[in-house]
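K.L.:
The structure under discussion is supplied below as structure tokens; questions concerning it will follow.
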């Protein structure tokens, strides 16, 4: 906890302390304002307006950060949502499709969140450029999906990438390869906010550059920034002018987040005549999902509650699969007109996520972020849809990558679907150890991806390699202890087996 926050806490515990607390807060805001003004003076003329918008946005967020303390929800007010506010996907699908699918598709814009790097998987550059299936990247698959829609229905669904300053340059270099695809591709940038020193709460950056000493001084402030940066880019007004009505927003690493025509039809032709301004796709929790944000009823509106907002005594209750059965997939359908209205009224309310980081030099900093789904409570007639698990297929680790590269899935026009040869619709639980964390190491350890159609659970730990045409079935646990190595031989069939010890296979 910073010295300033400690001072504030002490001040609050004393009589008449609120006035003292307000003085400290105002002094701190003034100090931050001066620092930001100094930084702005270093902006080149062609970047001045853009930088000013970013720093103004940060100031508003910082002001709110100083006002809010403690958990942001009153647990006593949290209720289960009314049944009609979260619809089962089957009910949406049962309505069928309109006669003229192209007319509803032409009202849609697809937005992919493309601000993340591949560092957690040992890759440099944007995560969207990592190969995930038959040498296709996340971005390749996305373009293929939308091109397939446009060709099939003779439509003009554009793709918009929300980049960050970390991914923008590399992404733009690659976009020329899609020039001959039937997809118009647009990009805009997330804001760039300054990290603040955890003790002084002042910006770490001394100027606008993000090279040299300033490399770690800036950050993209979470995907909740989409509303302001999309509006500021001018694209929002452009699409409204073209007659577009909804954006479908999702993470680019969620391979299940394809355009769903049934959900789109429900939006364009609401059964009760009242248009939904915001739809969140949620899916049933499994054991691994207990920390995911969940939809609740709060003060009469649908609200996304994240684990960080929950008071500590209620965290276990929040994780309970029996009480809170679904979690947010971050597949969102949002009205463009509503975004414009709320943005112009400054009425989009999102909780602040305080994300502590330690820089390479050891300095402790804070970055203030927001999440796109948290804005659900600001929109009118919001709806949750409980979708099948197949619409949530994120690739966060090489364990996830193994699943999507395997014969569990087939690839068609950029979309992955579970193989009909798998008897169970559930996905196996795969845990690969630290030797597999980096994509480069992971690929080196598999001569070919094993047959996993009958696999339930795979755990691999230590120095392990797989030969060609290996088949894994049931529960398979492979543990090579420190100093040992296990080579699974080509053609091996492992069914309900624990493999340990030392097994070397060398070329003769």
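For all residues, glycine too, the Cβ spot is worked out from N, Cα and C.
As listed in Swiss-Prot for this protein:
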MOD_RES   13  phosphoserine
BINDING   113, 114, 115, 116, 127, 190, 222, 253, 396  UTP binding site
BINDING   115, 116, 223, 251, 252, 253  substrate binding site
BINDING   127, 253  Mg(2+) binding site
MOD_RES   426  phosphothreonine
MOD_RES   434  phosphoserine
MOD_RES   438  N6-acetyllysine
MOD_RES   448  phosphoserine
MOD_RES   461  phosphoserine
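Each of the listed features needs to be described in terms of its position in the shown structure.
P.N.:
Non-local neighbourhood of residue 253 (substrate binding site): 116, 127, 128, 138, 394, 395, 396, each in the same chain, at least six residues away, with C-beta under 8 Å from its C-beta.
DSSP assigns residue 116 (substrate binding site) to coil, not to a helix or a strand.
In the three-state DSSP classification, residue 253 (substrate binding site) falls within coil.
Taking a C-beta cut-off of under 8 Å and a sequence gap of six or more, residue 426 (phosphothreonine) has these contacts in its own chain: 389.
Within 10 Å of the C-beta of residue 434 (phosphoserine) there are 9 other C-beta atoms, taking all protein chains into account.
Long-range Cβ contacts of residue 438 (N6-acetyllysine) within its own chain (separation 6+, distance under 8 Å): 121, 122, 123, 398.
Non-local neighbourhood of residue 448 (phosphoserine): 466, 468, 469, 470, each in the same chain, at least six residues away, with C-beta under 8 Å from its C-beta.
Around residue 461 (phosphoserine), the same-chain residues at least 6 positions away in sequence with a Cβ under 8 Å from its Cβ are 433, 478, 479, 480. Under the DSSP three-state reduction, residue 461 (phosphoserine) is assigned to strand.
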K.L.:
Sequence order is fine: just name those recorded positions in 113, 115, 222, 434 with a Cα within 10 angstroms of residue 252 (substrate binding site).
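P.N.:
The recorded positions close to residue 252 (substrate binding site) (Cα within 10 Å), listed in sequence order, are 113, 115.
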K.L.:
Applying a 10 Å Cβ distance cut-off over all chains shown, what neighbour count does residue 222 (UTP binding site) have?
P.N.:
23
K.L.:
If I take the alpha carbons of residue 115 (UTP binding site) and residue 223 (substrate binding site), what is the distance between them in whole Å?
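P.N.:
About 8 Å separate the Cα atoms of these two residues.
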K.L.:
Determine, to the nearest whole angstrom, how far the Cα atom of residue 251 (substrate binding site) is from the Cα atom of residue 222 (UTP binding site).
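P.N.:
Roughly 12 Å, rounded to the nearest whole number.
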K.L.:
State the Cα to Cα distance, in Å, between residue 222 (UTP binding site) and residue 434 (phosphoserine), rounded to an integer.
P.N.:
27
